[in-house]
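I have placed the structure first, in the form of structure tokens, so that the comments after it can refer back to it.
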Amino acid sequence: MDSSPRFSTCLSWKRIVCSFFLPFILSGLAPSRKYKEYLISGEVRPQLPHRFNWSHLTPLELKNRSMGLQTESIAGSNPYFTLGGHKFLIFGGSIHYFRVPRAYWRDRLLKLKACGFNTVTTYVPWNLHEPQRGKFDFSGNLDLEAFVLMAAEIGLWVILRPGPYICSEIDLGGLPSWLLQDPNLRLRTTDNGFVEAVNQYFDHLMARVVPLQYHQGGPIIAVQVENEYGSFNKDKDYMPYLQKALLKRGIVELLLTSDSEKEVQRGSIKGVLATLNMNAFQENAIKSLHKMQRNKPIMVMEYWVGWFDTWGSGEHKVTNADDVEKTVSEFIKFEISFNIYMFHGGTNFGFINGAINFGRHTGVVTSYDYDAVLTEAGDYTNKYFKLRKLFGSILAFPLPPLPEITLKAVYPAVRPSLYLPLWDVLKYLNEPVISNKPVNMENLPINNGNGQSYGFILYETPICSGGELYADVQDTAQVFLNETSIGMLNDDNQNLNIPEVRECQLLRVLVENQGRVNFSWKIQDQRKGLIGSITINNIPVEGYTIYSLEMKMNFFERLRSATWRPVPNNYLGPAFYLGTLKAGSSPKDTFLRPLNWNYGFVFINGHNLGRYWCIGPQETLYLPGAWLHPEDNEIILFEKSKSGSDIQTIDGPML
């Protein structure tokens, strides 16, 4: 063998070339002709577009599961992911199963696949899965395992984001409200009370998740540790504790964290992949992350292609489809894995919406359309077609055909003919709580000691004199003497003049939880209802009857036995209104438009469609056809202030 220096140099160069080309050969990628750009150290360098071919890297095709999602770093090359030993870029899109009717999961996942994505990401909401301590719900629309297995069947990998905190513009960031019963318990820390609750939840949740992991034949290739902890950052031991909690319970797939540029260092964990959240291609943020973990590939865990709306905030927030296409093109050019947040936003059905508080409490609207790649109702958008064209141009295999569009319908307008004032409904509620002092929602001795999570709460107490009333209500309250409205209370207005009374009257305070803050340290102080005592002329009022109005399905079943009254021409005050929506023999999706109604909630066949409010921006409520029966459907409005006219249906949203 020639041992000359020239031969040695040639042999070394061959090793470098082989080490560079091997991942491409294994993955079926065609390497860039400008591969020398890889050799510039210390920078993430752009590459010419590849023809990516991971048609064999799908949950059904990939049988050998010995090598899961890993990070690789070869001298002279950008670090990259491998899956099954093959180079792999994550094209992810977020769909939250709990925001989409179960009957539509398959449609939304098929559309994700047909667009060219290879991965679906989802949060897991603790508050919905454990509504009471030790009582878990993974049924129906909360069947996480069914959603994950359906993704695998369709050919999608899954990145799971199990919290315990998830933000997600959901009530309390996905934490259960019963955690707020103890005022000394510190959320998102290693406080004993908090981690004991997390441990019990993880014991149950991870027993379901572990069999769905890649190494056990499932589609879950990565698991996120908590969420955006860098912005909270109250306890340096908390994130490592959660990492160990996942490992201890059998999570073996790649772990990652997720933070914005300024908080990524604070939210990171040693040995765990740090990822970025951003609303556009941010070169400086990417360079900073590359310097922080030089031997790891870059991943954008949340690329925000839109944003959420809040009540009274003006117009629906939208982003430009061309900008989205350009940003995703940049990610691909730099071989950056990414996750679109949101691919499909869905709906904050029921009372699950969160809130923001940057000086003032403001609830998130019912629609979680997010100006996403698919609309709230799962319809295609300009963003969808632009991304599909882009992905089709760089993938070395044909995309699946487009699923058919979801048909919409317009039904005859509904004019409720019957109503029940709130005061007539009290006897159909569960037994009220009798207390000398007010009790906030979370500490009501109901639901097996877990309190009330959502909805309304009514306080009644007799008073025999007028004067200056003070009350701290969260979030807003209507105040009545007997059945007569005398004013409103909220954060901006905690005082109310009570007129002089000739004889004792019943003071009634109806308080609404408009959504707990889902972001920032303010999650610690999100107790709802009356906080502390009512005073009149600085004298505490004592002796309360407290009704919980959670408006669950069984409540509406009881209402069917009530004696409803004909609707008068104009009724002022909180009341339930009953009508019939005629959907024909083959129900389809539609959008409800409550004309001249002010504020309330709509229930279809017992399903809570969410909040409507005349201040906007949202003007319609999405009604899934899957929740309608053929022909007649029961529609009930709980309206807080005054009766309206018709409830119209239209074939498109007004957001």
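Quick reminder: no glycine exception, Cβ is built from N, Cα and C everywhere.
Annotated in TrEMBL:
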type: ACT_SITE; residues: E228; note: active site, proton donor
type: ACT_SITE; residues: E302; note: active site, nucleophile
type: DOMAIN; residues: 81-392; note: domain 'Glycoside hydrolase 35 catalytic'
type: DOMAIN; residues: 451-550; note: domain 'Beta-galactosidase 1-like first all-beta'
type: DOMAIN; residues: 574-633; note: domain 'Beta-galactosidase galactose-binding'
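For the domain 'Beta-galactosidase 1-like first all-beta' (451-550), DSSP puts the residue distribution at 5 helix, 53 strand, 42 coil. Cα of E302 (active site, nucleophile) to Cα of E228 (active site, proton donor): a span of 11 Å. Per DSSP, the domain 'Beta-galactosidase galactose-binding' (574-633) is made up of 3 helix, 32 strand, 25 coil. On the 0 to 100 pLDDT scale, the domain 'Glycoside hydrolase 35 catalytic' (81-392) averages 97 in the predicted structure.
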